[in-house]
Amino acid sequence: MANAPHGGVLKDLLVRDAALHDSLLQEARSLNDIFLTERQLCDLELILNGGFSPLEGFMNERDYTSVVETLRLAPYNGQKHGDVFPIPITLDVSQEDINTLGLKQGGRVALRDPRDDAALAILTVSDIYRPNKAIEAEKVMGADDIAHPSVAYLRNNVKEFYVGGKVQAIQAPTHFDYVPLRFTPAELRAHFHKLAWRKVVAFQTRNPMHRAHRELTVRAARQRRANVLIHPVVGLTKPGDVDHYTRVRAYQALMPSYPEGMAHLALLPLAMRMAGPREAVWHAVIRKNFGATHFIVGRDHAGPGKNSQGQDFYGPYDAQELVTQFKDELQIEMVPFQAMTYLPGSDEYQPVDEVPKGTPTADISGTELRKRLRTGASIPDWFSYTGVVKVLRESYPPRPQQGFTILLTGLHNSGKDTIARALQVTLQQQGSRSVSLLLGEELRSDLDPQIGRAITPEQKHINLERIGFVAGELTKAGAAVIAAPTAPYERSRQAFKKQVVGSGGGNYFLVHVATPLEWCEKVDRRGLYKAARAGEIKNLTGVDDVYEAPEDADLVCDLRNDTVPEIVHSIIMILESQNLV
């Protein structure tokens with residue numbers, strides 16, 4: 001029998017009464033709207049379907065403060081203490097949002113999906129409060145350190161106020177990917193009941209699974225005479241993780257390796273916080289709501305990596321210890337596990353702590369696996385399954401087949417456009433991949449025709465972000481991208497790089513065409529510098545707007561001293577050193 005929901009009742013808020021649905025939908029049309037962020041969208045979906053039971057909305061200040069300080073909701077209705085809930089679930093807004101939307105206690109506002117404008121729910125505002133972000137970071141993530149991705153998100157993306165209140169569901173967010181693998185808690189519980197699964201061991205993952213993971217989950221199931229729920233996160237995970245499309249195809253390739261009827265694959269639309277011990281307790285609560293009776297917690301569960309001092313944010317077994325601390329209230333049995341290692345002599349996997357001293361073992365680290373994928377080197381059968389490796393190779397081809405972006409930055413007339421065109425011809429001669437040329441002025445007029453010569457600093461930043469998005473998408477598709485905007489600001493170049501690295505896989509190179517201003521003015525046949533000095537053009541970089549020279553360029557060149565062929569050759573040598581050409 002499936003485990004009881006956290007708090008005793010599954011808070012499935014999804015409306016099933018047609019008349020009520022129509023009434024709420026009609027009301028939503030008359031209300032002001034909050035368009036949700038990707039994280040808020042994930043949170044709302046799990047509020048609506050009961051995955052976050054006993055929550056019925058976004059946390060008010062009383063619950064938020066209690067969760068941050070005590071890992072519990074505030075006590076209600078005579079409770080001695082509230083239910084365990086270790087992560088604050090909040091809806092952030094700005095002062096401008098409050099003013100524009102007329103947000104106030106008792107007011108109602110529609111929550112919309114930014115992807116299709118669909119009204120998902122109506123929130124009744126219980127309170128509006130300003131959180132102490134430093135305390136939230138210290139208490140929840142363990143440190144106010146922006147090396148932690150959730151602290152960086154809190155500091156850089158989360159607005160200054162939180163709005164608390166219960167929600168009334170109109171509909172769940174619509175998904176078009178892997179629909180047969182998406183189950184609400186009620187649906188998954190019904191599925192377990194249909195299969196007569198009395199004990200279910202849930203396995204949380206945000207990474208592809210290989211033989212060690214399969215052996216680990218099978219061992220856990222056998223020891224407890226249970227079945228296995230493979231429950232990977234397909235919402236927001238750690239930046240740089242394998243995309244969920246690739247991961248789900250890899251999970252599907254792995255599933256036939258389980259004995260018939262032992263395991264089930266279902267997807268979880270969770271926005272992870274990478275909060276280590278607190279996150280492990282949160283994951284246990286969520287899996288309990290989905291009907292699991294057991295939950296696997298491993299070494300450094302949901303850890304984000306290193307802090308600013310190069311140390312781990314959490315101890316290796318802090319997560320297991322915190323889940324154990326709350327085991328009586330969680331009512332879901334934790335299955336602790338050590339890392340698994342391969343024994344070549346017996347062709348089997350064993351937990352590291354059970355291997356006799358001196359026994360030969362073999363392992364492939366994540367770094368080594370990425371290297372083998374990048375270079376096309378073999379991946380042994382003892383490490384993974386043929387189908388899983390095939391999926392990973394399709395998504396992560398070897399370096400000569402990967403896309404890349406070269407950003408040439410410099411003043412107008414520095415020669416960057418000439419270098420870009422010459423490099424384009426050279427790469428096209430070599431073949432093997434398409435080559436796209438993104439020149440700053442041409443793209444500016446194409447992407448935003450309203451921007452003329454009088455471009456403001458903020459427009460320059462936005463323009464480069466747009467070019468970065470295009471470059472990232474082309475890079476992801478395997479193209480060679482040469483971008484040559486002025487790109488005068490460091491923050492803009494970093495935003496551009498983030499677009500390429502995040503979307504395109506990290507093959508990004510910066511070339512600073514450092515030809516000085518006096519030379520650029522001397523060869524300015526179009527008269528832009530002359531017009532700027534006469535006041536006819538505003539914010540021309542180098543005249544009345546700053547150019548911030550990059551300090552991290554892969555190549556610095558100057559057309560006074562270097563010829564275009566020499567510069568192109570130097571760029572090609574950089575690409576060759578990375579096995580990209």
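Counting begins at 1 with the first residue displayed.
Heads up, the Cβ atoms here are built off N, Cα and C, so glycines get one too.
Under the heading region 'N-terminal', Swiss-Prot lists 1-176.
Residues or ranges marked as region 'Catalytic' in Swiss-Prot: 177-401.
If you look up Swiss-Prot, you'll see Gln204, Arg206, Ala302 marked as sulfate binding site, on the strength of sequence analysis. Within 10 Å of the C-beta of Gln204 (sulfate binding site) there are 24 other C-beta atoms, taking all protein chains into account.
Counting every protein chain shown, the number of other Cβ atoms lying within 10 Å of the Cβ of Met340 (ATP binding site) is 22. Here Swiss-Prot flags Gln204, Thr205, Arg206, Asn207, Gly298, Arg299, Asp300, His301, Met340 as ATP binding site.
Within 10 Å of the Cβ of His210 (site 'Transition state stabilizer') there are 21 other Cβ atoms, across all protein chains. Per Swiss-Prot, the feature site 'Transition state stabilizer' maps to His210 (among others); the stated evidence is sequence analysis.
Summarising the annotation, Swiss-Prot assigns site 'Transition state stabilizer' to His213 (among others) and lists sequence analysis as the type of evidence. For His213 (site 'Transition state stabilizer'), the number of other Cβ atoms no farther than 10 Å from its own Cβ, over all displayed protein chains, is 21.
What Swiss-Prot lists as site 'Induces change in substrate recognition on ATP binding' is Phe337. Within its own chain, Phe337 (site 'Induces change in substrate recognition on ATP binding') has Leu216, Ala220, Ile296, Val297, Gly298, Arg299, Pro351 as residues 6 or more apart in sequence whose C-beta sits under 8 angstroms from its own. Taken residue by residue with DSSP, Phe337 (site 'Induces change in substrate recognition on ATP binding') is part of neither helix nor strand, so it is coil.
Positions annotated as region 'Allosteric regulation domain' by Swiss-Prot, on the basis of sequence analysis: 402-581.
Per Swiss-Prot, the feature 3'-phosphoadenylyl sulfate binding site maps to Glu441, Glu442, Leu443, Arg444, Thr486, Ala487, Arg526; the stated evidence is sequence analysis. Long-range Cβ proximity for Arg526 (3'-phosphoadenylyl sulfate binding site), meaning a same-chain Cβ under 8 A and a gap of 6 or more residues, is found for none. Mapped onto three states, the DSSP output places Arg526 (3'-phosphoadenylyl sulfate binding site) in coil.
Thr486 (3'-phosphoadenylyl sulfate binding site) is surrounded by 25 other CB atoms, counting those within 10 A of its CB over all protein chains shown. When Cβ atoms from all protein chains are considered, those within 10 Å of Ala302 (sulfate binding site) total 24, not counting its own. Note: Asp300 (ATP binding site) has non-local neighbours Gly276, Asp312, Tyr314, Pro316, Ala319, i.e. same-chain residues 6+ apart with C-beta under 8 A of its own C-beta. According to DSSP, Arg206 (sulfate binding site) is assigned to coil rather than to any helix or strand.
Within 10 Å of His213 (site 'Transition state stabilizer'), counting C-alpha to C-alpha distances, fall the following of the binding-site residues Gln204, Ala302, Met340: Met340. Note on the binding-site residues Arg206, Gly298, Ala487: the fewest other CB atoms within 10 A surround the CB of Arg206. In this entry, sulfate is bound by Gln204, Arg206, Ala302, whose most widely separated C-alpha atoms sit 9 angstrom apart.
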